[in-house]
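Trainee: Pulled these from TrEMBL:
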BINDING   Arg48, Lys54  NADP(+) binding site
BINDING   Arg125, Ser126, Ser127, Asn237, Ala238, Gly278, Lys293, Pro294, Thr295, Ser296, Ser297, Arg319  FMN binding site
Amino acid sequence: MSGNTFGTLFAVTNFGESHGPAIGCVIDGCPPGMALSEADIQPELDRRRPGTSKFVTQRNEPDQVEILSGVYQGQTTGTPICLLIRNTDQRSKDYGDILQTFRPGHADYTYWRKYGIRDPRGGGRSSARLTAPTVAAGAVARKWLQQKYGTTFKGCMTQVGELAIGFEGWEHVQGNPFFAPVADVSAIEDYMNVLRKSGDSCGARLRVTAQNVPVGLGEPLYDRLDADIAKAMMGLNAVKGVEIGDGFASVAHKGSMHGDAILPGGRFETNHDGGVLGGISNGQDLEVAVAVKPTSSLLVPRASINTVGEPVEVITKGRHDPCVGIRATPILEALLALVVMEHALRQRAQCGDVSIPE
Ligand SMILES: Cc1cc2nc3c(=O)[nH]c(=O)nc-3n(C[C@H](O)[C@H](O)[C@H](O)COP(=O)(O)O)c2cc1C
């Protein structure tokens, strides 16, 4: 397998390049009979779109989704759903300089070494533009999960570079271009203005959660829910770390404090485990944190080589995100939704008849 399909029962196959005519995906395995139109998907794409503030790439893509198949008279038919998003604002000449060189920290070098050929325009297939179809597929999964179980997904950015953002409340997230869960984002704006002027970039930390997740999702040993969440998150461009629940902070905990006490009614006193026990959802919120590295396309000169192995200095012009974390929140929500959807369908298939005495 060449790695372009996510999932088995809800299988999303992604296609396209950053500067090709279009990008998109085919979803195979969506249950039939769900009302679906572009209006269910477009709001999620609008949240991910580039060019929406001065703090992100100025590439201006409308990201209008078209449903090409799998829906008849407004309902999913159970057949493959093809979602198409046309590229409209390519500026490929910006990438002429990196045709013969490799940006340090980017995928140029490894794509060239692996395939022996690469599409340098906008990063080709390695571009985060290919996360738009992921978000579109995630919107389909989110709708089904919401209707079936009331499952919802939320995310936010909790740190940008060295600046800890903190958490004041989910209600703030949609009110600013950073998906920051705080009322006053002036410190983030100041930080980003200084960064942009320097021509440098920074990393970020993000949080993503799912609420009303049914108990029982996840398939030990090898397809544990937490393992599949980690794989999905690590599959996103620039992600360098994933934590479930308390993650690395668990190292310093005592067992007497960390293990979530179980209360009558199958409730839990705390959620240090992030909603997963033994690789299986326990009905608590899924809690995931993600670290993304700094953008590698920089105005700051960096040492590299060209395709014949000579040393060169690389400066990347063109339109780039100074902090890729700023646009990552809707993508992480979509990825979590795809994992939960996949496991919800698997759980229905294998254990749909299981009943536990009350
Ligand atoms: C939402 C998002 C936006 C991104 N925007 C850019 C960008 O504008 N310029 C860039 O060089 N990298 C950007 N990246 C990161 C690259 O796609 C990524 O670093 C590159 O493909 C190398 O892959 P790796 O970092 O996973 O090893 C972005 C990543 C995400 C998740």
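Note: Cβ is positioned from N, Cα and C throughout, glycine not excepted.
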Trainee: Judged by the number of other CB atoms within 10 angstroms, which among Arg48, Lys54, Arg125, Lys293 is the least packed of the binding-site residues?
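Mentor: Comparing Cβ neighbours within 10 Å for the binding-site residues Arg48, Lys54, Arg125, Lys293, Lys54 has the fewest.
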Trainee: How long is the line from the C-alpha of Arg125 (FMN binding site) to the C-alpha of Arg48 (NADP(+) binding site), rounded to the nearest angstrom?
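Mentor: That separation, Cα to Cα, works out to 18 Å.
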Trainee: Let's check the environment of Ser127 (FMN binding site): how many other CB atoms sit within 10 Å of its CB?
Mentor: 21
Trainee: In Å, how long is the longest CA to CA span across Arg125, Ser126, Ser127, Asn237, Ala238, Gly278, Lys293, Pro294, Thr295, Ser296, Ser297, Arg319, which the record gives as the FMN binders?
Mentor: 44
Trainee: Can you check which residues sit near Thr295 (FMN binding site), meaning Cβ under 8 Å from its Cβ, same chain, 6 or more apart in sequence, and list them in order?
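Mentor: Long-range Cβ contacts: Ser201, Ala238, His320, Asp321, Pro322, Cys323, Val324.
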Trainee: Checking the binding-site residues Arg48, Lys54, Arg125: which ones have Cβ within under 6 Å of ligand 1?
Mentor: none
Trainee: How would DSSP class Ala238 (FMN binding site) in three states?
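Mentor: Once the DSSP labels are grouped into three classes, Ala238 (FMN binding site) ends up as coil.
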Trainee: How long is the line from the C-alpha of Arg48 (NADP(+) binding site) to the C-alpha of Ser127 (FMN binding site), rounded to the nearest angstrom?
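Mentor: Arg48 (NADP(+) binding site) to Ser127 (FMN binding site), Cα-Cα distance: 14 Å.
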Trainee: May I ask for the distance between Lys293 (FMN binding site) and Lys54 (NADP(+) binding site), taken between their Cα atoms and rounded to an integer number of Å?
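Mentor: The Cα atom of Lys293 (FMN binding site) is 20 Å away from the Cα atom of Lys54 (NADP(+) binding site).
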